[in-house]
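Have a look at the structure below before the remarks.
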Amino acid sequence: MKNIVILISGRGSNMEAIVRACAAEGWPARIAAVIANRPDAEGLAFAQANRIATNMVESRGKTREAFDAELAAVIDSHAPDLVVLAGFMRILTAEFTLRYAGRLVNIHPSLLPAFPGLHTHARALEAGCKLAGATVHFVTPDLDHGPIVIQAAIAVKADDTPESLAARLLPVEHVIYPRAIRWFAEGRLAVEGTRARLRPNADGNIEPQWLFGEDA
Ligand code: GAR
């Protein structure tokens, strides 16, 4: 049984999708804790209602180093096998990412390595991209880079706005992120150099590490 700790900053809809899939699909894992860096993170209420341990580690007014050290101590108190960044809007120190090397994942709303950082959809529209998407990846010290686990792409419409793209992409994120975490929980996912390697499932099938379209 693997312990999963999920970090959020706000709404927490990806966290919610992971919690639901873990229960519905009977993963060999438990959500050990949900940790927020903002007291008003809406997702905390869902976690509490589902009797998941919650912690709040306020990030405001602290140096990056001090916050990350405090955060790591709280995370480690839950003995995590995997730490999941789910809309966790903080840049992490290299020291923090290396502490959890190979057991720290993130979802980013672009087809990495395109558009790391903020305002991904506005930048994709500005560049005239015909596909937009999301990427689940292992976290390394290099912001929004690291071995790619799964990507999903959707077609960009002529009248898309950053908001409409984000709204159409979110349900797709809710499919790929739980899928990636199930793979990890099943012990089938590992980092090999710059790449994430997925081993076949019990039936000997290798599931695709990509998804296209909104009918996920
Ligand atoms: C998601 O769209 C996620 O991809 C994005 O924030 C949103 C969080 O929503 N993450 C980032 O931008 C990370 N740089 P949620 O709180 O409802 O899961």
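For all residues, glycine too, the Cβ spot is worked out from N, Cα and C.
Per TrEMBL, (6R)-10-formyltetrahydrofolate is bound by MET89, ARG90, ILE91, LEU92, ASN106; the candidate from ARG64, ARG123 named for the same site is ARG64. DSSP assigns SER13 (N(1)-(5-phospho-beta-D-ribosyl)glycinamide binding site) to a helix in the three-state reduction. Checking the binding-site residues ARG64, ARG90, ILE91, LEU92 for a CB within less than 6 Å of any atom of ligand 1 leaves no residue at all. The N(1)-(5-phospho-beta-D-ribosyl)glycinamide site, placed at the center of the C-beta atoms of GLY12, SER13, ASN14, has further neighbours from the same chain whose C-beta lies within 8 angstroms: ILE8, ARG11, MET15, GLU16, ALA17, GLY43, ALA86, GLY87, HIS174. Least packed by the Cβ count within 10 Å, out of the binding-site residues MET89, ILE91, LEU92, is ILE91.
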